[in-house]
Every structure is written in structure tokens, then in C-alpha cells.
Amino acid sequence: MAVESQGGRPLVLGLLLCVLGPVVSHAGKILLIPVDGSHWLSMLGAIQQLQQRGHEIVVLAPDASLYIRDGAFYTLKTYPVPFQREDVKESFVSLGHNVFENDSFLQRVIKTYKKIKKDSAMLLSGCSHLLHNKELMASLAESSFDVMLTDPFLPCSPIVAQYLSLPTVFFLHALPCSLEFEATQCPNPFSYVPRPLSSHSDHMTFLQRVKNMLIAFSQNFLCDVVYSPYATLASEFLQREVTVQDLLSSASVWLFRSDFVKDYPRPIMPNMVFVGGINCLHQNPLSQEFEAYINASGEHGIVVFSLGSMVSEIPEKKAMAIADALGKIPQTVLWRYTGTRPSNLANNTILVKWLPQNDLLGHPMTRAFITHAGSHGVYESICNGVPMVMMPLFGDQMDNAKRMETKGAGVTLNVLEMTSEDLENALKAVINDKSYKENIMRLSSLHKDRPVEPLDLAVFWVEFVMRHKGAPHLRPAAHDLTWYQYHSLDVIGFLLAVVLTVAFITFKCCAYGYRKCLGKKGRVKKAHKSKTH
């Protein structure tokens with residue numbers, strides 16, 4: 001018995017090491033081309049985990065990046081671009097400022113179109129400088145990367161991937177105009193899948209379905225303005241005719257920072273993997289400063305307030321209306337705000353330039369979260385079970401807010417039209433009405449009830465693509481069909497032609513028989529008449 005016990009110890013130890021330790025069969029080399037801003041920040045957890053598992057990571061970014069800097073767990077390579085960091089910052093800041101301008105619908109459309117065109121031209125010039133940097137491209141080709149991990153929001157990185165013949169893993173939340181579903185050949189029916197920026201739920205009225213279809217058609221025009229220049233650039237650089245859909249459909253695996261707890265159920269494809277909540281797994285201890293704020297709040301607890309990094313300043317009148325509402329609740333409010341301090345700011349409201357959002361939301365004394373409904377904040381709220389007051393500002397935030405409101409996890413306010421009383425009532429509702437807390441806790445329970453953590457799942461698929469040089473077995477044959485073959489229009493046309501041909505022949509035969517029969521009767525009658533006479 002003793003011998004068996006001693007012999008079993010190494011076996012148990014080995015099993016524990018296999019389960020607990022990072023086992024990597026092959027330490028690979030990963031080329032990462034991110035998109036600046038929150039897109040980049042969302043990738044950091046996965047990058048760090050991949051580095052801890054022994055992989056070498058090279059991050060390629062323009063030298064004018066705002067957020068992409070040197071890091072301890074990756075090597076940063078930069079390339080020169082024809083714009084400065086200040087230009088990028090101005091683009092981010094202006095986006096936040098434009099939100100609070102109370103323009104007419106037509107003015108907003110014109111301003112949005114001009115801004116998109118201006119920003120797109122700047123980003124396209126950066127892509128062109130990267131592709132035509134012969135020394136850098138040669139260096140990348142010689143580096144023998146195993147895989148590219150990238151956010152395809154800008155389709156420059158897929159061009160690089162095709163040039164280097166690298167299998168690619170896309171890491172994203174969503175693409176404009178539902179391009180991700182076109183690129184994966186995923187069914188995307190208008191009838192129950194709301195289009196981006198529609199603010200519809202998956203249960204639409206007839207008129208909403210009409211609007212949903214019209215939005216899809218109009219977005220195609222907008223996306224053509226943004227993305228068609230990349231197709232031209234790619235065709236010139238790769239020396240073959242390439243469309244944006246060709247570039248995007250080359251991905252081996254798509255890692256989506258979403259799941260069906262937040263989003264509505266819809267069709268998916270085999271190479272679409274969902275890793276929603278990847279950024280809210282780990283919490284750090286709060287600093288003494290924030291612990292002191294929470295302890296001083298007493299039994300009422302705290303409210304966390306952040307509208308994201310793009311909103312640095314709110315118009316004075318609106319800021320005062322917000323401050324007035326915050327002063328009318330008993331909770332302590334931690335407001336991340338770098339603008340001018342409102343003159344009527346109450347004693348219960350503390351302005352901070354930065355706050356550990358996920359760590360604060362995870363504290364049991366947090367009662368509510370005032371947010372712009374960005375995907376990061378929404379998932380942190382779901383993970384930690386904190387009901388929301390949502391003030392969506394732009395982009396997919398409107399859709400995120402609609403989804404959470406539909407699920408009973410928060411209240412949505414129009415930031416331009418809301419009054420101080422509206423905000424006060426919304427806060428009191430989500431704090432005092434138990435249904436909001438119960439609903440967000442139910443979503444949190446559903447979100448956490450899974451066999452694999454999102455971060456581990458993302459890392460697995462990156463390594464999977466590295467090991468197998470892609471994932472062609474997950475690629476549907478729909479990619480190889482023409483549009484009329486995909487919709488079986490040729491088959492329908494053929495069957496229709498057969499039916500019409502058979503119908504025509506049948507008609508002709510019947511007509512011929514009828515004429516023959518009629519002619520025979522006529523001759524019989526004629527013969528009968530001649531006999532009687």
C-alpha cells in the first residue's frame with residue numbers, strides 16, 4: 001500500500017501541473033496590428049495571457065498612436081505616418097464634443113459624413129504609408145510570424161496578412177454596416193436581426209422592419225465611402241483585384257467581444273467565437289483613496305459615473321443639470337470628469353480624473369452605474385451585477401443601451417433632451433426598484449455560467465490557428481458561390497423554366513387535341529346533314 005501511495009504522488013503532481021500550468025506545445029510568434037483607443041485596450045488581457053504562455057508578440061502601430069505605447073509583455077514596432085498625435089487626439093475629442101451639439105437631423109448627417117470622410121482619409125494615408133514602407137514590410141516578411149491577431153475595423157491589417165500569407169484571427173466587437181456577417185457568409189435576415197444604429201429590438205413592428213431594411217441599404221452607401229478606397233489600395237499593393245469582402249473573409253477565426261446575454265439571438269457561423277466579458281474577469285484591490293470614499297458613503301453606498309475617455313468636457317448648462325440631479329440622491333457619486341467643475345456640484349459628488357471602473361463596480365457597496373453604454377462598461381456592469389442609467393452618445397452605444405433596457409437591466413436617457421429631473425428619477429428607479437437589480441443579477445448569472453472563461457477561449461483559438469496554420473475546415477462553401485448561386489436563383493430559374501416548358505407543351509398538346517376533336521365533330525355533323533338531305 002505504501003509503495004502504491006508513493007508511486008501515485010508523481011502522477012497526481014503531474015496531473016496538477018497539466019491542469020494548472022500553462023502548457024504550450026509550440027511557442028509561436030504573433031504579429032498584432034491593433035486599432036487605437038478602446039479597441040486596443042480591449043486586447044491587452046489576451047496579449048498578456050499569450051505572452052505568459054510563452055509566445056512572442058510584436059505590436060505594429062503608427063508613431064502617432066494615442067494609447068499604443070511600449071509594454072512589458074510585447075515588442076512595439078512603429079512606422080511613420082503623415083499626421084501627428086495631436087491630429088488623432090483632435091479626432092477623438094471632436095467626436096465627444098459633437099455629441100452635445102443640438103443640431104437638426106440634416107445638419108447631423110452632413111457633419112457626420114464630413115467627419116467620417118476626413119478621418120477616413122487620415123487613416124487611409126497611414127495605411128498607405130505602412131504598405132509602401134518597403135524596409136518595414138521586408139522586415140516583417142523575414143520575421144516568420146505564425147499568425148496575425150488584429151482588429152479589422154480598419155481593413156489595412158488584412159492587406160498585410162495577405163501580403164505575408166499569414167493565417168489571421170480577428171478580435172472585435174462589431175463592424176460597421178454588418179460587414180462581419182457579409183464576410184463570414186452568415187445569414188442576416190432583416191426580419192428579426194436589427195441593423196447597427198437602428199436602436200431596434202429583435203421584435204420589430206412592420207414599420208420598424210421597413211426602417212431596418214432602409215437602414216441596411218443606406219449604410220451600404222456610407223461604408224462604400226469609408227472602405228472602397230482600401231479595396232483600391234489593396235488591389236494596387238497585392239497586384240490583383242481585391243474587394244473589402246475578400247480581405248475580411250480571409251480570416252480563419254473571428255473572436256467577437258459579445259455574447260447572447262447582451263445581444264439578441266441570431267444565426268452564427270462555425271468560425272465565429274464569442275468572448276464577451278473578456279475584460280472584466282480580474283479585479284484589483286482598491287487604493288486607499290477610493291476605499292476611503294466608499295467607507296465614507298455609509299449604508300447608502302456609491303454610484304459610479306463615467307462617459308468614457310472621449311468626453312472630456314460637457315457644456316456648462318448640461319453639466320450643471322447633471323450635477324443638480326446627482327446632489328438629490330443620498331449615495332456618494334464618483335464622477336470621472338476632466339472638464340470644468342460645475343458651480344453647483346453637491347458635497348456627495350466627487351470629481352476624479354480617472355477611476356478603476358471594473359474594481360469599483362465589483363464592490364458590494366456600488367448601487368448604480370451611470371454610463372455611455374460602451375461595450376466595455378456594459379459588460380463590466382453585467383459581470384458585476386450593477387444596474388445602469390445609460391446615456392448613449394454615438395456609434396453602437398445606442399444599440400447597447402436598447403439591448404440592456406429591453407432586458408430590464410437599466411434605464412436609457414437622451415443626453416441632449418434629458419432634464420435634471422429625468423436623471424434624478426432614473427437613478428432613483430434603478431437604485432430603489434429591485435427589478436433592475438434582479439434582472440442584471442440574472443444576466444450576470446447567465447453570463448458567468450459557461451464551461452470556459454472568455455480569456456481562455458480567446459487564447460485557445462489563437463493557438464489553434466497557430467498550430468493548424470488556419471482553420472479551413474470551418475470555412476463554409478458559401479464563400480465559393482456567386483451571389484445568384486448562394487440564393488439558388490439559377491436553380492429557381494431552371495425549375496421555373498422546366499415548369500413553364502411543361503406547361504407550354506401541355507397547353508399546346510391540349511390545344512392540338514381540342515382542335516382535332518372539334519374538327520372531327522364538325523366532319524361528323526357535316527356527313528350527317530348530307531345523309532338526311
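The backbone N, Cα and C atoms fix where each Cβ goes, glycine too.
Look at Swiss-Prot and you will find 1-25 tagged as signal peptide.
Among the features that Swiss-Prot reports, N-linked glycosylation site is placed at N102 (among others). All chains included, 10 other C-beta atoms sit within 10 angstroms of the C-beta of N102 (N-linked glycosylation site).
The feature N-linked glycosylation site is assigned by Swiss-Prot to N295 (among others). A helical conformation is recorded for N295 (N-linked glycosylation site) in the three-state DSSP classification. The number of other CB atoms found within 10 A of the CB of N295 (N-linked glycosylation site), across every protein chain shown, is 10.
With a cut-off of 8 Å between CB atoms and residues at least 6 apart in sequence, the same chain places G327 near N347 (N-linked glycosylation site), listed in sequence order. Per Swiss-Prot, N-linked glycosylation site is recorded for N347 (among others).
Swiss-Prot lists 491-507 with the feature transmembrane segment.
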Return one of helix, strand or coil for N347 (N-linked glycosylation site), based on DSSP.
coil
Cα-Cα, whole number of Å: N102 (N-linked glycosylation site) versus N295 (N-linked glycosylation site)?
40
